[in-house]
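Peer 1: Okay, handing you the structure first.
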Amino acid sequence: MLVTFIRHGESTDNLRPVWAGWADAPLSNHGMNQARALGQHWASTRIDTVYCSDLKRAHSTAKALVAGQPDSTSLEPIVTPLLREQNFGIAEGKPWAAAPDSSPNAKSEAEQVYYTIHTRHGKFEDGESLDDLARRAEEAIDTTVWPHVVEALRPRKSAAANDAGERPEDAHIVLVSHGLAISELAAALLRRSPPGAESSPHTRNPRSLRGLPNTGWTQVCIDIQPVTPDPATSATVDDTEEAPLVQMKIESIYLQSVNNSPHLRHVKRQSGGIGSAAHDEKQRQLREFFGGGGTSSSSS
């Protein structure tokens, strides 16, 4: 089973140095072009189910992805607020700035600038901490990905594919969400790998899933296999008896790929406006932060 986490296209708030979590900005023109390119890129890849955040930038991206599918009429994005970005509370829409570790305050009263917070438990008033976001990510995985896993684990008469050539464990599930949310969502899913399976360092440090560009994706594989019967305890079945049901199990859950965006090579920003603006170091820091990595000095 493959789970693909896709970050939304560029929003109008992504073009401004502001805190943009639950603030519901739409896609920019460039973001819409990114989303269309995403749909074209995935047109030849089967997608079984799409979930998305209810915020405009994610929902619009999900709809563009689905529009690229050959049978788009039978695939409708399932919208859930559990896939929203981190809530920045009173800082929403306010000026964003990266703060050094020595910064004593999360906000500069004189400048009305809200600086980044360097702990997982810290948060702005009325907002969420990264720990809060991680708990919501667990709930999101419970309600989106995990029901498909439970279905694939049901005992069955045969582990072979059905008449349509499909097996529940081969499903491809897509979650269209946001940069910081995806780093916690992917880590939450990786933590569910069974004991004894090789663990991923990303489960301990979600910041290592950093840097997801707009409409970029990260993929996690859930390896579900039939349980091999123990010959010593397996009963002999004669021709008059039905064979026992095949039991299924999760072998491992592992990171398959990180930060993919080959479709963006051919997406060019239109000339004029922000596309012709001079390089701004704050914009680079802003992209990194909302791409899911926080600031380079942030602790996890």
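Sequential numbering from 1, following the chain as shown.
Including glycine, each Cβ sits where the backbone N, Cα and C put it.
Annotation source TrEMBL lists substrate binding site at R7, H8, G9, E10, S11, T12, D13, N14, R57. Feature annotation from TrEMBL assigns active site, tele-phosphohistidine intermediate to H8. Residues or ranges marked as active site, proton donor/acceptor in TrEMBL: E85. Annotation source TrEMBL lists region 'Disordered' at 193-214, 266-300. The compositional bias 'Basic and acidic residues' annotation in TrEMBL covers 278-287. According to TrEMBL, the compositional bias 'Gly residues' annotation covers 290-300.
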Peer 1: Does R57 (substrate binding site) have same-chain partners at least 6 apart in sequence with Cβ under 8 Å from its own Cβ, and which are they?
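Peer 2: When sequence neighbours closer than 6 are ignored, R57 (substrate binding site) has H8, G9, S11, D24, A25, P26, L27, G31, H178 within Cβ distance under 8 Å.
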Peer 1: Given the recorded positions D13, E85, which one has the fewest other C-beta atoms within 10 angstroms of its C-beta?
Peer 2: D13
Peer 1: For a quick check of understanding: given the listed substrate-binding residues R7, H8, G9, E10, S11, T12, D13, N14, R57, what is the maximum Cα-Cα distance in angstrom, as an integer?
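Peer 2: Greatest Cα-Cα span of the listed binding residues: 15 Å.
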Peer 1: What is the number of other Cβ atoms found within 10 Å of the Cβ of H8 (active site, tele-phosphohistidine intermediate)?
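Peer 2: For H8 (active site, tele-phosphohistidine intermediate), the 10 Å Cβ neighbour count is 29.
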Peer 1: Could you name the residues, excluding R7, H8, G9, E10, S11, T12, D13, N14, R57, of the same chain that surround the substrate site, i.e. Cβ within 8 Å of the Cβ centre of those residues, in sequence order?
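Peer 2: Near the substrate site, beyond R7, H8, G9, E10, S11, T12, D13, N14, R57, sit A20, A25, L27, S28, G31, N214.
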